[in-house]
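Okay, structure first, notes after.
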Amino acid sequence: MANGNKQAGQRISPSLTLLLATACGIIVANLYYAQPLVGLISKAIGLSPSGAGLIVTLTQIGYVAGLLFLVPLGDIIENKKLIVVSLLLSAAALTLTAFVKHGTLFLAAAFFVGLGSIAAQVLVPFASYLASDAARGRVVGNVMSGLLLGIMLSRPISSLVADIWGWNAIFALSAVVSVILAIVLSKVLPARKPTANTNYTALLGSMWKLLRTTPVLRRRAIYHAFVFGAFSLFWTTVPLLLSGPDFHFSQKAIALYALVGIAGAVTAPIGGRLADRGLTRLATGIALGVVVVSLLLPLMIQSSSPVGITVLVAAAILLDMGVSANLVLSQRAIFSLAPEIRSRLNGLFMAIFFLGGAIGSSIGGWAYASGGWSTALWIGIAFPVIALLYFITEK
């Protein structure tokens, strides 16, 4: 068999697992750095208030395009090369975002930042190839912990860096880090050349068939699309609540609040270990239930008192715990399928649930503007409840 498949099933070292987790966190953070800085960026590059949302939207569109059209390449071309080229593309786009002053050029660069960030989703199945069957859940869980930490840390880090050095600095710093990471990974990662005998057109054509004929993929994508929709809705609206007249949180205080979500990432490896022990179904039900509870708490107790703030902190931790665990359980289930199609399965899974997150964000902003915090929470609760009801039908 080819190089990469000989590697599969070997024991992955703790140091390589840590490197992959760190790399995933660094890469995926690029998708979120701009979110708390949209107001500052739009003024600097001359975008109207109505066009400011395109900064985040085009990054997301670029990422989804990469998930659908680039990540599947991991099934037919050498993985390390795909990872390094994607990182260098992202670094070039980040450099442009740091220095261009023209709105159209910035938005084009934002698209390519998203496109290049798919390197993280090539690394995750890559880690699963290197792990033995018995340890696959644990390894994927550890790598996903790094990815989730990147998501959770990105917003407070970009806010704090912008507060000190200006909004450009975070993109310039990330460009430098991306180049360094590309060099390190090119030296350290083992080669993996897939054995799939197909061309790119046939590869893309097979994805719709995979979605139709793989029930585990469909179920797991639907579960996590609703869960991630609730996650995105919460983290889109809670900064609006905290900066409003009831709480009067500063940008730094909101950044510190966002840091509490880090505690939730610790459940990712726990979820992986439970899956390795054959407890995927039980753990999935618990994870979905935790997400429902996390949104019920702030709905039942709404106050700007210390008790109310404590409830919001607990809600953030529980939400991130449930989402993190469900993500790892889902990827463990998907990566247990045929290894030669893992990149396509992962690309489809990520694209579907990321679309759910984008819908959650947009609905959250509308719900908060239309009916306030309670309306947003009720809609947010509906998402994991639907996922839980669908989960009950699983045989």
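Yeah, the Cβs are placed from backbone N, Cα and C, and that goes for glycine too.
Over in Swiss-Prot, the protein carries these features:
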TRANSMEM  18-38  transmembrane segment
TRANSMEM  53-73  transmembrane segment
TRANSMEM  82-102  transmembrane segment
TRANSMEM  106-126  transmembrane segment
TRANSMEM  142-162  transmembrane segment
TRANSMEM  164-184  transmembrane segment
TRANSMEM  222-242  transmembrane segment
TRANSMEM  252-272  transmembrane segment
TRANSMEM  282-302  transmembrane segment
TRANSMEM  309-329  transmembrane segment
TRANSMEM  347-367  transmembrane segment
TRANSMEM  372-392  transmembrane segment
(message) Using a threshold of three or more Cβ pairs below 8 Å, and leaving out pairs closer than 6 in sequence, do the transmembrane segment (142-162) and the transmembrane segment (53-73) count as in contact?
(response) no
(request) For the transmembrane segment (82-102), find every same-chain residue at least 6 residues outside the stretch whose CB is under 8 Å from a CB in it, and list them. (result) 27, 30, 34, 44-46, 66, 70, 73-74, 108-113, 115-119, 122-123, 126, 168-169, 171-172, 174-176, 178-179, 181-182, 185-186, 189
(request) Test the contact criterion for the transmembrane segment (18-38) and the transmembrane segment (347-367): 3 or more CB pairs under 8 Å, pairs 6 or more apart in sequence, then answer yes or no. (result) no
(request) May I ask for the residues of the chain that lie six or more residues beyond the transmembrane segment (347-367) and have a Cβ under 8 Å from a Cβ within it? (result) 57, 60, 63-64, 67-68, 70-72, 121, 207, 210-211, 217, 220-222, 224-234, 236-237, 240, 330-331, 334, 375-376, 379-380, 383
(request) Run the contact check on the transmembrane segment (252-272) against the transmembrane segment (309-329): 3 or more C-beta pairs under 8 Å, excluding pairs closer than 6 in sequence. (result) yes
(message) Do any residues, 6 or more residues outside the transmembrane segment (142-162), come within under 8 Å Cβ-to-Cβ of it, and if so which ones?
(response) 17-18, 20-37, 40, 120, 123-124, 127, 169-170, 173, 235, 251-252, 254-256, 258-259, 261-262, 264-266, 268-269, 272, 320, 324, 327-328, 331
(request) Could you tell me what the rest of the chain brings near the transmembrane segment (222-242), counting residues at least six beyond its ends with Cβ under 8 Å? (result) 36, 155, 249, 253-254, 257-258, 261, 284, 287-288, 291, 295, 312, 315-316, 319-320, 322-323, 326-327, 330, 349, 352-361, 363-365, 367-368, 373, 376, 379-381, 383-384, 386-387, 390-391
(message) Using Cβ atoms and a strict cutoff of less than 8 Å, what residues sit near the transmembrane segment (106-126) while being 6 or more residues removed from its termini?
(response) 20, 23-24, 27-28, 30-31, 34, 41, 45, 47, 54-55, 58-67, 70-71, 74, 79, 82-83, 86-94, 96-97, 100, 140, 143-144, 147, 150, 189, 192, 331, 335, 342-343, 346-347, 350
